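> Dropping a structure here in structure tokens format, bear with me for questions.
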């Protein structure tokens, strides 16, 4: 079956990937500089925010994907894919709390994070309920997992860079890094989509959540979570600067 993409939703998914990457890099600095109790809070909140951001980018890109059949989504599998994204993000952010990170630790963490993102993507694909059967092209399937590990390695390298930045970190550098990271996440998704073939199957009827009803709420919820995280981080930074000034 031939599929098309809604260009507006593709743009929204790209903006979500950029915002999620920018937020993750910002949280990386907070995790590294916060006291012990605050570090745990930032780590948990950062994992949730980043995981939701990555998952939402994937989900919005899936909603932008239009097939000539009705498509809905299995709720349980959709939630499992979200949990996989949050766990993978938590692994990435936990790395920046360590005082020293060697090459082997970086590569091991990137591998697990990449696999976690891959699980998110393919469980999310399995959540699709429609009158069609999904088949995968082995070469593109493997390529998407390899790309997930490569993107995760780049992301962790960026995390490590930003944990060494001061409170006056270069925002232009942070934005460029977020663009690189966000582009990698998008490339991972669309490589995974290139691995998919859809074959018509009239025996399967969709009975999950309607894609049309989800689009608006997923976008609003994601921008609210990520925007709120950045506002909280900015407020925490301002209070920290104020305490330094009073000293």
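Yeah, the Cβs are placed from backbone N, Cα and C, and that goes for glycine too.
Heads up, here are the entries from TrEMBL:
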DOMAIN    5-199  domain 'MHYT'
TRANSMEM  6-29  transmembrane segment
TRANSMEM  41-65  transmembrane segment
TRANSMEM  71-93  transmembrane segment
TRANSMEM  105-127  transmembrane segment
TRANSMEM  139-160  transmembrane segment
TRANSMEM  172-196  transmembrane segment
TRANSMEM  216-238  transmembrane segment
> Which listed range (6-29, 41-65, 105-127, 139-160) shows the maximal number of Cβ pairs under 8 Å with respect to the transmembrane segment (71-93)?
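Selected stretch: 105-127, with the most Cβ pairs under 8 Å.
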> Using a Cβ cut-off of under 8 Å, list the residues of the same chain at least 6 residues beyond the transmembrane segment (139-160) that approach it.
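Here the qualifying positions are 21, 24-25, 28, 88, 92-93, 95-96, 101, 106-107, 109-111, 113-115, 117-118, 121, 177, 180-181, 184-185, 187-188, 191-192, 194-195.
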> Given a Cβ distance threshold of under 8 angstroms, which distant residues of the chain, six or more beyond its ends, lie next to the transmembrane segment (172-196)?
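Hits for the transmembrane segment (172-196): 13-14, 17-18, 20-22, 24-26, 54, 57-58, 61, 65, 117-118, 121-122, 125, 134-137, 139-141, 143-144, 147-148, 150-151, 154-155, 158, 161-162.
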